[in-house]
Amino acid sequence: MGEVYVEVEVEVDSEVSSQDYQTESNPIEAWLPITKSRKGNAYTSSFHLICSGIGLQALSLPIAFAALGEKLGKLLAIFPVMYLSGGTCVLLIINGGKTMELFYQTMCENGPPLCNPKAFTGAECFLVFTCLAIAVALFCPNLNSVAGVSFLGAITAVGYCTLIWVMSVSKGRPDGASYASSTLTSSATGKFRGFLTALGIIAIAFRGHNVVLEIQGTLPSNPKHPSNEPMWKGVKVSYLIISLCLFPLAIGGYWAYGNRLPTDGGFLSAFSVLNKRNNSKFVKGFIYLLIVVSCLCSFQIYAMPSFDNLEFIYVRKKNKQCPRWLRLGLRFFFGGLTFFIAVALPFLGSLAALLGGITLPLTLAYPCFMWLAIMKPRPNSAMWWSNLCLGCLGILLSVLLVVAAVWNLVVNGLDANFFNPH
C-alpha cells in the first residue's frame, strides 16, 4: 500500500538508461548518497532488507511470545526520518558497544595475567564501535555501495539468530522455566499491559521496513521498467528469510526459557546467564562477534538517510555536488553526535518501545495517506477504504504502543544513568 506508482504515457528511447532518465528528470538525485547510484537489483535490495530487518531487538521476541501466551508538509516527513535514522544509529552504538564489551569480558573471563576483563569501560567500547562504523561509512559514498556490507550483515544476522536459539533449545530448559503467567501480569490490567508491550516488541523487531523506500531508491527505474518490479522480488525473498529466522527464534526462545526471560536484555541475557555453564566461552564469544558485525553493517544502512539529508542542505543551497572533504566532515559530525548521545543517554535502549511507537506512523500511516493524496482514487472505492483504514490502524497502533511504553516506565521505573554507560 505504501508504494506509489503512476502510469506515465511517455516514449522513452530503449537505449536511454534508467540512470540517465533519473538524472534528466531530477539532476539533484545524482548528487545525493541514496539515489546517486541506481545500479541495484533484486539481490542487493534483498541484502539491504535482511541486514536492516534483523537486529538485536529480535532477541526480545520470546518475551512478546511469553506476554501473548502460549496460544503540514516536508517537515513532517524529514523530522521523523532524521529522528528514526539517528535514533536507530544511537541504539546500534549502544547495543553494539555493550555486546563488544561482553565479547571482551567473555574472552578474558579467566582474568589476569592474560587480560583484564574490566580494562575497558562502556564509553570506551561505544567509542571503538563508533570509530569502526564511521570508518566503514567513509568508504561507502552511496547506499548502493553498501551492498557488500549488507551482504555480510545479512549473513551475520541470520547466523547469530539461528545459533542462539539452536544452542538454547539443544541444551534443554533450565531449572525453574515456567510458562504460567507471572504474578506481575496475573491481573487483567497487567495482562493488557503485557499484550500491548508484546505488540511493541514485534513492531520494533520487524524494523527493516523503515528504510524500504530508501532501498528502492538504489534501483534503476523508468516508465517501461519501474523499480517496483525488482524491489518486489527482493522484498519477497528477504522477508521469507527474515520470517524463517524470527519465528523459530521467538518460539524456541520461549520454549527454552519461558517466563525466566529477563525483560532487560531478552534472549541474549537469558542465553548468557541461564546457560552460562553449558556453553563454552568461544561459542558465546563467536555469537557476540556476529552481533557486533551485524550492528556495524546495519549502521551503514540506517545512517544513509541522515547523510542524504545533511548533504541535501548543501546541494540545495549551492546547486552542485557535495565535495568529498565536506562529505567526510558530515560523516565525522554525525558519528560524533550519535556517540555523544549514546554516552549521555545509555538507557535509550530501555526507551526503545516508546521511541519506536512515536516513529511508527512513518512506516504504517504515512505511505497510506500519501497514496491517497497522490493517486486520488475514487472516494468510497475499495482501494480508498483500504488505505484509509490501514493508515488509521497504523496511527491507532502507534498510540497504543506509546501508552504501553509509558505505562511500563511508570510501573517498572527507569535507570536513567546519564553519562554512565555500563
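Glycine is no exception: its Cβ is also placed from the backbone N, Cα and C atoms.
Listed in TrEMBL for this protein:
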- 47-68: transmembrane segment (TRANSMEM)
- 75-94: transmembrane segment (TRANSMEM)
- 87-409: domain 'Amino acid transporter transmembrane' (DOMAIN)
- 119-139: transmembrane segment (TRANSMEM)
- 146-168: transmembrane segment (TRANSMEM)
- 188-206: transmembrane segment (TRANSMEM)
- 237-257: transmembrane segment (TRANSMEM)
- 285-304: transmembrane segment (TRANSMEM)
- 325-345: transmembrane segment (TRANSMEM)
- 351-372: transmembrane segment (TRANSMEM)
- 384-410: transmembrane segment (TRANSMEM)
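Counting Cβ pairs closer than 8 Å and at least 6 residues apart in sequence, the transmembrane segment (325-345) and the transmembrane segment (146-168) reach fewer than three and form no contact.
Simply put, out of 146-168, 188-206, 237-257, 188-206 has the most Cβ pairs sitting under 8 Å from the transmembrane segment (351-372). At the 8 Å Cβ cutoff, the transmembrane segment (146-168) and the transmembrane segment (237-257) share at least 3 close pairs (sequence separation 6 or more) and count as touching.
The listed stretches are 119-139, 188-206, 285-304; of these, 188-206 has the most Cβ pairs under 8 Å to the transmembrane segment (384-410).
Same-chain residues lying 6+ beyond the ends of the transmembrane segment (119-139) with a Cβ under 8 Å from its Cβ atoms: 89, 92-94, 96-98, 100-101, 104, 108, 145, 149, 292, 295-296, 299-300, 303, 307, 328, 331-332, 334-336, 338-339, 342-343, 346, 420-422.
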